[in-house]
Amino acid sequence: MTDKNGFFDLSKTGLTRRTALKGLAAGAGLAVAPGFVRYSQAQSSAPIKIGFQSHRTGIGAAYGRWYERTTAAAVKAINEAGGINGRPVEVIIEDDGTDPGRGAEVVGKFATQHKTDIVYGTLFSHVVIGSAPAAGEAKMPYFVVSEGHHVASTKLNRYVFQPGITDVKSQIQAMAPWIAANAGKKVTQIFPDFAFGYDHRDYLPPALKAQGAEVIAQIAIPPTESSFTKYFPQIPAETEVIYHVMVGPAVLTFVKELGEFYGSSRPQLFGFIDSLEATDINSPGLEFLDGSHFWEGSPRYAQPVDSAAQKAYRAAVGIDDNGAAVGDPKDVSTAAHMFGCWETLYVVKKAMEDAGYKGPEDRAKLVEATEALTEFAEGPEHPQGPKTFNGKIHQCFGIQNISKVEGGRLNVVHKTKIEDGLYEPEGDYTTQAL
Amino acid sequence: MHFGPHLLLAALEGLVTSAVLALTALGLSLVFGVMRVVNVAHGEFFMLGAVLAWAISTAISGHPALGFLAALVLAPLIVGLIALVSERLVLRRLNYNPEATIVATIGMLYIIQQLALTFYGPEARPVEPPFSYRILLPWFGYSGYKLSIIAASALLLVATWFVLTRTRIGLVMRATQYDSETAQAFGIPVDRVYAGVFALGAMLAAVAAVLIVPISQAHYLMGQDPLLLSFIVVIIGGLGSLRGTVVAAVLIGLSDGIISVFFSPTLAKIIATLLVAMVLVFRPQGLFGTASR
């Protein structure tokens, strides 16, 4: 394999001194262009810049799309009501590719190039864990909507917050009594083989044990797996409940193959809606799920008990009563998670106003103001429900929904209380230096 | 579950994997064998097949089998056309230079993938199987459709074998593979053969994807795994050898099924990779390949 045509011979590509000089000149011109330095000093009327680390590509792309829509709706509402401290909010989006390495780069880019006030938005736990050190180094407040326990574990750093969505440990603890009482006592867990799955692996067994139930088998599946039947023989025959929480594009296959494997004589199923976010519950092959139960952060389908705030939120984001985009019933939302974007942005607004935030020099003040928050009342700013916030572990606590699949939709059958999900803090971020 | 049924399940899973893999890898092997082009974008043609299958089957209402059959015919044709155009626009202009085409097909990989993300979106979308018969075994249930994939793939492999060995088109292709310069001297339009082979390779990948999509949804990133496994199969079987490709596909598919059921999927991947290394060390031309002249 010789390089006959010289494709790899750089001397033949025609990069002359003249071209090189032109390129340099263009680059220099760009750097002194007026737009480039416009906000180098914060001015009172300049927008507050929020760097949005979005899963535009990679396995989280469906979440990324809906996180962007929710963010756009929330920012529109905030700006129409006068912005934050009288300043408009501007969102700058960078794609992290649902990849931890790129996530960290994106945080660095926000800090040094875009010079955003904060960074916000990401979901996948491995991306959060990968990006947190970069945020800490840049002393950049980093508000995530991730659901994992990593923030509350106090293993990250003082700049990372999760004020808009509850964490897995709290969710599991709140729901375990219901599972043990209504679904069954012998539970087999199926979970993805990475950080988010490990939260489930580690916190479900003790939570169930406290209720007199037990986990009899734990099956970890690589997140890139595309076929699942081969794992099902590991499910013990005496299993009463299969507890499944899968993520990524193959989740539909997972449920379908489970259906083919068991047919109508299946154990009870309890799943995290993560297994089916952005997927139509009426897709072919999912009839098998009829009668099974799911955790939902916020209900996908409009419920009879929905508050006025919940209805207004759904209308603002643009989802119909079935949780799909208005005008496109096939474009199903990630409703169980994306409400967290809306609520997080309102927490940022509250904290910035409390701190009298003026610009990046006030970031430390913003961190302290966020840590001082204790409660978020249910309402237009927090449509999912009331929440409490623990400033020591940077984590909010709220209610969980357990929904049943019936008649081709998800109906909420049980709502937990905030107290059900509270646990002893594992550490204290406020002791770390700013 | 007892050992017998457990093994049966593992073998069935392995055979389904083998069936799809054999078709995909055959496409890759043909393109390399005839054109000496390592087509890194092969997995994306696979993905395009699945995405088009979704588009076609949702556009056609009525019984799901109608939409599926239309997809089975149309999706590979469209993918073949796309491959033909990209061959004319890209590969030919590089004179099929081996190094340059690798870089070019990597570029094609990203272009196709990102176009799919832009126009099709990030969701995994299902295609309804033409029939959903569930075979009830005493120990577990199994999808009847999955078994039909094995049959369909075997049929397509036989058809490809027939075309390659018993028709004039096949003769021309084999002549080009054996020695393209001599073939050209004998009046074979090598240039057009290349275009046709590239399209055919992509079509084989697309057909495999249409077959698999009712059990594994269309998604814009689904091309990566088939690409990697196809390379493994092609290296083990011998580049450009139909028989080698099929044997290697069955070998890899079955061992993947059985090892991952009884041990772990990671071990299955480790063993497949080890096998590739062993083949490369002790028999670089592959199990059934002929040594390069």
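Each residue, glycine too, has its Cβ placed from N, Cα and C.
As given in TrEMBL:
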type	residues	note
TRANSMEM	B:6-33	transmembrane segment
TRANSMEM	B:45-62	transmembrane segment
TRANSMEM	B:68-90	transmembrane segment
TRANSMEM	B:102-122	transmembrane segment
TRANSMEM	B:142-164	transmembrane segment
TRANSMEM	B:193-215	transmembrane segment
TRANSMEM	B:227-254	transmembrane segment
TRANSMEM	B:261-282	transmembrane segment
Contact check, the transmembrane segment (B:68-90) vs the transmembrane segment (B:227-254), 3+ Cβ pairs under 8 Å, seq sep 6+: no
Under an 8 Å Cβ to Cβ limit, what residues of the same chain, 6 or more beyond the ends of the transmembrane segment (B:45-62), are close to it? 24, 27, 68, 70-72, 74-76, 78-79, 82-83, 112-113, 116, 120, 125-128, 201-202, 205-210, 212-213, 217-223, 226-227
Please check if the transmembrane segment (B:227-254) comes into contact with the transmembrane segment (B:102-122), where contact means 3 or more CB pairs closer than 8 Å and the residues in each pair are separated by 6 or more positions. no
With CB pairs under 8 Å as the measure, which of the listed stretches B:6-33, B:102-122, B:193-215 comes out on top against the transmembrane segment (B:142-164)? B:6-33
